[in-house]
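Undergrad: Before we start, here is the structure in question, set down as structure tokens.
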Amino acid sequence: MADPHQLFDDTSSAQSRGYGAQRAPGGLGYPAASPTPQAAFLADPVSNMAMAYGSSLAAQGKELVDKNDWEVQYQQDTPVAPRFDVNAPDLYIPAMAFITYVLVAGLALGTQDRFSPDLLGLQASSALAWLTLEVLAILLSLYLVTVNTDLTTIDLVAFLGYKYVGMIGGVLMGLLFGKIGYYLVLGWCCVAIFVFMIRTLRLKILADAAAEGVPVRGARNQLRMYLTMAVAAAQPMLMYWLTFHLVR
């Protein structure tokens, strides 16, 4: 019974009961599902900012990778020194590889009881003669094809001298594991030097042709392509020719 002296009815308890009796907005009388961790993460503005920043960094990294190539950097029309550019030709590795190749050849001949100073000298002079012949042949071919390139004689010696690294690996594997190891390692190194020469000389020879406005399907440009392929294909053949007699 209500108090006769009370002017208004007390509805606070009824309202509290009404609010408590209200159903959750999930529908069908079921309570609303709690938000998933992914939704809570996306709803956080700090997380959104972090994701946007990460996407920006990924885009910048992709752009840098796309721009990365094997071209040599220049500074005031002068090639950058090898210690500042990994793509610059360097004579240190070819020179050390040539000397190491001669030493490994002497080791291989010694294990086969065929070592002699004269034979070791013949091995070194033969490798040096083939290198000189390669350089002269390429310079003559560039002159006949009329290629205006910044390739110098030192650059050619550096590029052609990288094959001695693969030759050393092939002979050492041949001494350790026989002919199977020799052919496996030398084959892989031959493929690597072939790809390297194609990508390197293409930037030096074909890029200059494009700068001169020579048509892609022109006769002169095809000669430059053939020259690039010939130089690259000669490397595996010389690698085999200078090492096959050292493994038995």
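Using N, Cα and C of the backbone, Cβ positions are placed for all residues, glycine too.
OK, TrEMBL features for this one:
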type	residues	note
REGION	1-29	region 'Disordered'
TRANSMEM	91-110	transmembrane segment
TRANSMEM	122-144	transmembrane segment
TRANSMEM	156-176	transmembrane segment
TRANSMEM	182-202	transmembrane segment
TRANSMEM	223-242	transmembrane segment
Undergrad: Within the same chain, where does the transmembrane segment (91-110) have neighbours whose Cβ lies under 8 angstroms from its own Cβ atoms, ignoring anything closer than 6 residues to its ends? I mean 6 or more beyond.
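TA: Residues packing against the transmembrane segment (91-110) from afar: 82, 116, 119-120, 123-124, 127-128, 131, 154, 157-158, 160-162, 164-165, 167-168, 171-172, 174-175, 246-247.
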Undergrad: So what's near the transmembrane segment (182-202) in sequence-distant terms, Cβ-Cβ under 8 Å and 6+ beyond its ends?
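TA: For the transmembrane segment (182-202), the nonlocal Cβ contacts are 70, 159, 162-163, 165-167, 169-171, 173-174, 228-229, 231-233, 235-236, 239-240, 243, 247.
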Undergrad: What residues in the same chain, six or more past the boundaries of the transmembrane segment (223-242), come closer than 8 Å to it by Cβ-Cβ distance?
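TA: For the transmembrane segment (223-242), the nonlocal Cβ contacts are 126-127, 130, 134, 138, 141-142, 145, 147, 160, 163, 166-167, 170, 186, 189-191, 193-194, 197-198, 201-202, 205-206, 209.
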